[in-house]
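Q: Copied straight from TrEMBL:
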type	residues	note
DOMAIN	A:223-352	domain 'Nudix hydrolase'
BINDING	A:ARG245, A:GLU256, A:PHE257, A:PRO258, A:GLY259, A:ASN341	8-oxo-dGTP binding site
BINDING	A:GLY259, A:GLU279	Mg(2+) binding site
Amino acid sequence: MTELRRSLLEWYGRQGRDLPWRHQSDPYAIWVSEIMLQQTQVKTVIPYYQRWLDRFPTIKDLAIADLQTVLKAWEGLGYYARARNLHKAAGQIVRDYNGVFPQRLDEVLTLAGIGRTTAGGILSAAFNQPWSILDGNVKRVLSRLVALPVPPKKAIEQLWQLSDTLIDPQHPRDFNQALMDLGAIVCTRSRPSCDRCPWMPYCQAYSQGMQAQLPMRESSPPLPHKRIGVAVIRNDEGLILIDRRPANGLLGGLWEFPGGKIEPNETVEDCIRREILEEIGIDIEVEDHLISIDHAYTHFRVTLIVHYCRYLGGEPKPIQCEEVRWVTLEEIDRFPFPKANTKIIEALRQNN
DNA sequence: CACTCGTGGGG
DNA sequence: TCCCCAAGAGT
C-alpha cells in the first residue's frame with residue numbers, strides 16, 4: 001500500500017499536468033473548476049474558466065448576478081443545470097455561511113450541484129482533507145487495477161471503498177489529483193500506456209493482458225430520433241421572435257427559436273404553424289426553408305428543420321414558455337442560446 | 001433507481 | 001457515419 005501511494009505520487013511529481021485551477025487556493029475558484037469539469041473534458045473547460053472568474057470574482061458576485069448573465073457565461077458548456085445550481089449554491093453560501101465556502105463535508109453536500117465526488121474533490125484540493133473521489137478517470141483506473149469483472153456502474157460502492165482505502169492520508173490533495181492525471185494521461189480508455197504506468201507492477205488487468213478490454217461496458221439501446229419544426233418569425237419591422245424555455249429541464253432558462261416535434265403524417269409547415277399557435281398564440285405564414293441542423297443530445301437525436309415565417313397577427317403570449325420577445329439580429333447575442341440554435345443565428349447572419 | 005441532462009472529440 | 005464517453009448530480 002505504501003509503495004503504491006509512493007510510486008503514484010512520485011510519478012505525479014514528474015508527469016502531473018499543469019492546470020489553471022491547481023494554481024488556485026481560493027475554494028470558490030476550485031469549486032467552479034470542479035463543476036465545470038463534471039462530464040466535461042479539461043480542454044473544453046479551460047477557455048471558460050478564467051473568463052468565469054473574471055466575470056464573477058467572488059461567491060458574492062455570483063450570488064447577486066442575474067441568472068441570465070450566469071447562463072450567458074456558461075453558454076456552450078452544456079448541462080446547464082450546473083450553471084443554475086452554481087448560482088443557487090452561491091446564494092446558499094451567502095445566506096447560510098456569510099459568503100464563506102464551508103469546510104465540512106456534510107455542509108458542502110447540502111450545496112446545489114455538489115455530490116460525493118465533487119465534494120471530495122473540492123475539500124481535498126482546497127483544504128487537503130482526506131476525502132476520496134470517484135470520477136470517470138478513477139473508475140477506469142481502479143477497474144483495471146483490480147480487473148473488475150463487471151461494468152463500473154454495477155460496482156459503485158466497491159469502487160468507492162477501494163478509493164477510500166487507497167487515498168494517502170498524508171497527501172490527500174496530491175493523491176486525488178495524481179489518480180485523475182493517471183487516468184487522463186496514462187490509463188486512457190483507448191490504448192493505455194502501460195509501459196509508462198507507475199502501477200504496472202500492481203495492475204491485475206495488465207498482468208492478465210486485459211487492459212484493452214477493461215473497464216467492461218454495457219450495451220446501450222439506439223437513441224430515438226425526433227424531427228423538429230423551427231420558426232424564425234419576422235414582423236414588418238424586421239424584428240425576430242424568440243422565447244425563453246422553462247426554468248428547469250432540458251436547456252432550462254435558455255432562449256430559442258420556437259417550434260416543436262413534427263407528428264406522424266404532418267408536414268413541416270403544418271407543424272410549425274400549429275406549434276406557434278399552441279406555444280405563443282399567434283398566426284404566422286411559413287415561408288422559405290433556412291437551414292436544417294442535425295444535433296445529438298445524450299439521450300436522443302434531433303433534426304431541426306428551420307423555416308422563415310411571417311408574422312400575421314395575434315398578441316404573442318408565453319403559453320408553453322417563460323417569456324417571448326421581439327429582438328434585432330444585433331442584440332440577439334446578449335441572450336444565452338443552446339448550440340444548435342447558435343447555428344441558426346449564424347445562418348441568419350450569412351443571409352443578410 | 002433508472003432516467004434525465006449538452007457538447008465535442010476520438011476511433 | 002455511428003458509437004462511446006468525458007473531473008456527475010438531481011429526481
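The count begins at 1 with the first shown residue.
Glycine residues also receive a Cβ, built from the backbone N, Cα and C atoms like all the rest.
If you look at the structure here, what lies around each of the features I listed?
A: The Cβ of A:GLU256 (8-oxo-dGTP binding site) lies under 8 Å from the Cβ of A:ILE242, A:ASP243, A:ARG244, A:ARG245, A:PHE337, A:PRO338, A:ASN341, each on the same chain and at least six residues away in sequence.
Secondary structure at A:GLU279 (Mg(2+) binding site), taken from DSSP and collapsed to helix, strand or coil, is helix.
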Q: Could you tell me the C-alpha distance between A:GLU279 (Mg(2+) binding site) and A:PRO258 (8-oxo-dGTP binding site) in angstrom, no decimals?
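A: Rounded to a whole number, the Cα-Cα distance is 8 Å.
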Q: Which three-state DSSP class does A:PHE257 (8-oxo-dGTP binding site) fall into?
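A: Its secondary structure by DSSP: coil.
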Q: Near A:GLY259 (8-oxo-dGTP binding site), how many other Cβ atoms are within 10 Å of its Cβ?
A: 23
Q: May I ask which residues of the same chain, at least 6 positions away in sequence, place their Cβ under 8 angstroms from the Cβ of A:PHE257 (8-oxo-dGTP binding site)?
A: A:VAL230, A:ALA231, A:VAL232, A:ILE242, A:VAL306, A:ASN341, A:ILE344
Q: Taking the center of the Cβ atoms of A:ARG245, A:GLU256, A:PHE257, A:PRO258, A:GLY259, A:ASN341 at the recorded 8-oxo-dGTP site, which other residues in this chain have a Cβ no more than 8 Å from that point?
A: A:VAL230, A:ILE242, A:ASP243, A:TRP255
